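Written below as structure tokens is the structure these notes are about.
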Amino acid sequence: MTLTGNLFIIILSYLDSHLHTPMYFFLSNLSALDLCYTTSSVPQLLSNLWGPKKTISYVGCMLQLYFVLALGTTECVLLVVMSFDRYAAVCKPLRYSVLMNTHFCHLLAAASWVSGFTTSALHSSFTFWVPLCGHRKVDHFFCEVPALLRLSCVDIHANELTLMVMSAIFVVIPLILILSSYGAIIFTVLRMQSTARLQKVFGTCGAHLTVVSLFFIPIMCIYLQPPTENSQDQAKFIALFYTVVTPSLNPLIYTLRNKDVRGAVRRLTACEREQ
């Protein structure tokens, strides 16, 4: 579902010229991000479920941690960018084409990816500096910071503080910016007179808010709650949402009842028939 749905969005946005807009450009980036995010963790999960051997090399664990952190951080920033795009489209419609020009859109997308991968390089390096003292059993279905810190035999308060600070920067602040954008959007929408425009705004913004909720709520439950004795089993269950469930649902959320996507599919189908 994840591979098919996200590839469908990327290919459709590329082939149909009507979808060459900032909204679908960022949506294609989100789909590519979800493809990479799922690929970094789900194959290992499926391998562990399939057979009795549930191992991963130390280097493989390092790489998995790096990419999971990088892609998760990138998605936090990219969702802020997408909310700003919706804010500009709804609240600044006359200046939208000037504000969200092609160069600026590419710059925002690049900044999202670069910030995620740069932050992950620093944070994952800091995590792997912690000595494990022979502990090798990771109580999780993929290598994640809280699970790896539990293996440590030294004081990890500095790591936990770093984790809280990074979570505040890349989870809480993006969420505040997203909610602020939608607060302004709601205020503008309530003053609209056109029912058709009102429905379109609620359709596109509602889909984005659903994706934001599915991603940020599980992330906050894991990275912002204090560790408890029973939190690890809960963390494994919650982690399934942002690693498996959310990437598979995002294409459905954005395409179901989306007139632009249905129109693009009809145009491509008509072209195939004419050929």
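Easy rule for this one: first residue shown is 1, then count along the chain.
Backbone N, Cα and C atoms are what each Cβ position is placed from, and that goes for glycine too.
Unlike curated entries, TrEMBL annotations are predicted automatically.
Values in this document were obtained by computation on a predicted structure and should not be read as measured data.
What TrEMBL annotates here:
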DOMAIN    5-254  domain 'G-protein coupled receptors family 1 profile'
TRANSMEM  56-82  transmembrane segment
TRANSMEM  164-189  transmembrane segment
TRANSMEM  201-225  transmembrane segment
TRANSMEM  237-256  transmembrane segment
Stretch in 56-82, 201-225, 237-256 most in contact with the transmembrane segment (164-189), if contact is a CB pair under 8 A: 201-225
Reported mean pLDDT - the domain 'G-protein coupled receptors family 1 profile' (5-254): 86
